[in-house]
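*Asks:* Pasting in a structure now, in structure tokens, and then I'll have a few things to ask.
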Amino acid sequence: MTSFQEVPLQTSNFAHVIFQNVAKSYLPNAHLECHYTLTPYIHPHSKDWVGIFKVGWSTARDYYTFLWSPMPEQYVEGSTVNCVLAFQGYYLPNDDGEFYQFCYVTHKGEIRGASTPFQFRAASPVEELLTMEDEGNSDMLVVTTKAGLLELKIEKTLKEKEELLKLVSVLEKETAQLREQVGRMERELSHEKSRCEQLQAEQKGLLEVSQSLRVENEEFMKRYSDATSKAHQLEEDIVSVTHKAVEKETELDSLKDKLRKAQQEKEQLECQLKTEKDEKELYKVHLKNTEIENTKLVSEIQTLKNVDGNKESMITHFKEEIGKLQSCLADKENLHRALLLTTSNKEDTLLLKEQLRKAEEQVQATRQELIFLAKELSDAVNVRDKTMADLHTARLENERVKKQLADTLAELQLHAVKTDQEKTDTLEHELRREVEDLKLRLQMAADHYKEKFKECQRLQKQINKLSDQSASSNGVFTKRMGSQQKVNDASINTDPAASASAVDVKPAASCAAETDFDMSAKDHVCEVTKEMAEKVEKYNKCKQLLQDEKAKCNKYADELAQMELKWKEQVRIAENVKLELAELEDSYSLQLAEKDKEINCLASFLENLSREKELTKSLEDQKGRKMEGQSPQQVSRCLNTCSEQSGLLPTLPAAQPVLQYGNPYTAHETRDGADGAFYPDEIQRPPVRGPSWEDNVVCSQPARNLSRPDGLEDPEDSREDENVPIPPDPANQHLRGHGAGFCFDSSFDVHKKCPLCELMFPPNYDQIKFEEHVESHWKVCPMCSEQFPPDYDQQGFERHVQTHFDQNVLNFD
């Protein structure tokens, strides 16, 4: 066996044209239709032709007969086209037992497609008859035709089909109901999901609002921590001041000791003066010493004065610290008010109030500590005043400063209270004043609107009167002109000169009076219209201002109402959302449990239906197998002897997987009626061994057709190649060595069993049919007849078949 070469079917020349519905055999003298498909890999030509070749051909000249391939109508390049050719019966070969195949040859002489092999055989009358047992449970055998048996089977299958259709309609109705239920549940689930998503979005909004409130609370806490840190810093400053005061007190004690020592020394000096009056020198020295001590005391007094100055600076520092504390208290009070205005949460306000109360207590404690320190300082000053007279003034000043500080603190507190009260009073007064102003403006606007309306009516009446007056004046003027014309006509005949002068004067006077009246009327109308326009503009402005004031009032009222109701609504919404989420979770859990139960019920129902179908199928199979009777022994013996004498089994290719355009090397199985009695869906047809063709195959070139295809040599030249033996194929020799295949002996009266599918057959079953069934499990190469096991790879089998065409490349040069 040669090595296989991987060649895709798309690139093979023999797969460009696919022959469809090729039978295993055809009648010799009957018309034959050839169906084939042109793939996108071939471009048709008007000189392309389809020929019948004997299997084993070597060149395109080895055709038996051919027909020109018609050019497809409306052909589009790159598309697939189905074509049909009809071969006449008198051009076809006779029943010679040879295998033939269709080949598509292009105008260049290239073979681009080949069909599966087939034979030309005449039908025998024995093959059309069948024997079967009588249905009346008698031992009689009934001989019928295949057509009758097939009609009975068709009637049975139609009845079964009707029953199955009824069952399918019932099942379809049930499935439609189940689908409706599932769709309804899915719609409910989608509705619930959308509702859940909406609630989740609302919850996210509430969480964002709470987060913003938390951020504000954190900011207030930071401010409070800053204030507490400042208070701690002030406490530390107070502690440092107390330490300094203690140090000063120790210094005062040391000064007191020094003063006592000085007094003792002075007493000693006085004693020495009394005792030693004579010793002037010593007295002078003693005076010098006393002067020195006095200077020291003066310096000490100066130092004490400096200390007093330091105390004053400390007092000023304390005043500044007290001012800072007061500013901190004011800031805390402002923060407290801001918190009361901004936050409506009761718990937060209580916490902040508690924190403010603690801070106020701490401030009060610091104030008390300051008072205690002031008292201690006053005590120290009193002691110092007792010891030194010079420091008495400082003590008085210190007390005065303390009084001033207390006064200032009291004044500041009173001022803060007064300012707060004044602010509230001013706000209330301003709001009341604005409300009263708005009321007055509304009243004034209403009065003004009434006045303007009255003025408009009055002016409208005046305009109507003026228009009437102008119309009447025009009528009078026309009448006067007519009468004047008559007077002028009468005076022409009497006194021409006088009449002429009168005519000249009177018309001029009448025209001047009329024009003056019209001008005054027009001026009056213009003034009235201007006044009306100005008043209308003023009215519109007042109306606009009134609307603006109303809008502002409504806006302020709405904002206050919204600020009051906002937090309550948020709290209520949050509680409702929590309750709804809990209810939704419970409802979802219940719905899921119910749907799981329904799904389990449907699954169990479908399993029961499938089991019932399988049981009905198995019962029908058993009934069909029981209905099949045993064939008569005489017919089986005759058929067995015929098969033993012939010894040749036809090779039938196995069923292959479906390709894109069909496999050109697989035959469409056309099972006869007898084989169809044993469930053709379960019976397959691979071969056991290849056909025992002769080693020396003679290729002849018949001259039936008068015309020959273009591009080929003269048929007379090809006749020289007749009777030339073709060397035997090594694959065929290999198969002949193993040509025994399966040995079927019909002499044993036992049930026949397929060695591959383990299907049981009756003892008298046709041996040829049984062998064909066993052969149907195997795969046979259509070129070399090599057999392959049933589980052999389909691609490997196709590669093997392709190697035969690759090894025998055709040359037309």
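Sequential numbering from 1, following the chain as shown.
Using the three backbone atoms N, Cα and C, a Cβ is placed for every residue, glycine included.
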*Asks:* What range among 238-264, 292-318, 778-804 does Swiss-Prot describe as zinc finger?
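*Replies:* In Swiss-Prot, the zinc finger feature sits at 778-804.
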*Asks:* Among 22-48, 103-129, 724-750, 751-777, where does Swiss-Prot put the label zinc finger?
*Replies:* 751-777
*Asks:* Counting every protein chain present, what is the number of Cβ atoms, excluding its own, within 10 Å of the Cβ of C757 (Zn(2+) 1 binding site)?
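*Replies:* Cβ-Cβ neighbours of C757 (Zn(2+) 1 binding site) within 10 Å number 14.
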*Asks:* Of the residues in the region 'Oligomerization' (320-420), how many are helix, strand and coil by DSSP?
*Replies:* 96 helix, 0 strand, 5 coil
*Asks:* Take the C-alpha atoms of S225 (phosphoserine) and H773 (Zn(2+) 1 binding site) and report the distance between them in angstrom, rounded.
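*Replies:* It is 99 Å, counting Cα to Cα.
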*Asks:* In the zinc finger (751-777), how many residues does DSSP call helix, how many strand, and how many coil?
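*Replies:* Summed over the zinc finger (751-777), the classes give 9 helix, 5 strand, 13 coil.
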*Asks:* What are the DSSP helix, strand and coil residue counts for the zinc finger (778-804)?
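*Replies:* With helix first, then strand, then coil, the zinc finger (778-804) has 11 helix, 4 strand, 12 coil.
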*Asks:* Out of the binding-site residues C757, H773, H777, give me the one sitting nearest to H804 (Zn(2+) 2 binding site) by CA distance.
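*Replies:* The answer is H777.
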*Asks:* Compare the C-alpha of C784 (Zn(2+) 2 binding site) with the C-alpha of each of the recorded positions S618, C754, C757, H773, and give the closest one.
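*Replies:* Of the recorded positions S618, C754, C757, H773, H773 has its Cα closest to that of C784 (Zn(2+) 2 binding site).
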